[in-house]
Amino acid sequence: MAGRSGDRDEELLKAVRYIKILYQSNPYPKLEGTRKARRNRRRRWRARQRQIHQISERILSTCLGRLQEPVRLQLPLLEKLHINCSEDCGQGTEKGVGSPQISVESRAVLGSGTKE
């Protein structure tokens, strides 16, 4: 099993070469002809680009063995989020949600608010 990651790297490089060839096979349309003809060429070019992008995703997901859907990030409920601001908000008393608690010096970052 010593050479396994090298084999996988070779497969990935081969997949990237294939994807590069796909994108090179669809150059941007020429800027000649009537406005309608140019618009139609650009529309067809964008449709081909979308197809190439989808094919590229399928090639990479097959090569890397990744899932189609990204893993959903668990976010806290909006009702639980709040900004804790006492009478003197400029002293960096804001608290974040969760740990670690990070103090932010808002005056140092934002300045006094006047332009010189």
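A Cβ is built for glycine as well, from the same backbone N, Cα and C atoms used for every other residue.
The stretch that Swiss-Prot tags with motif 'Nuclear localization signal and RNA-binding (RRE)', taken from the ranges 17-33, 34-50, is 34-50. For the motif 'Nuclear localization signal and RNA-binding (RRE)' (34-50), the DSSP-based tally of helix, strand and coil residues reads 16 helix, 0 strand, 1 coil. Across all of the region 'Homomultimerization' (18-26), the predicted model scores a mean pLDDT of 93.
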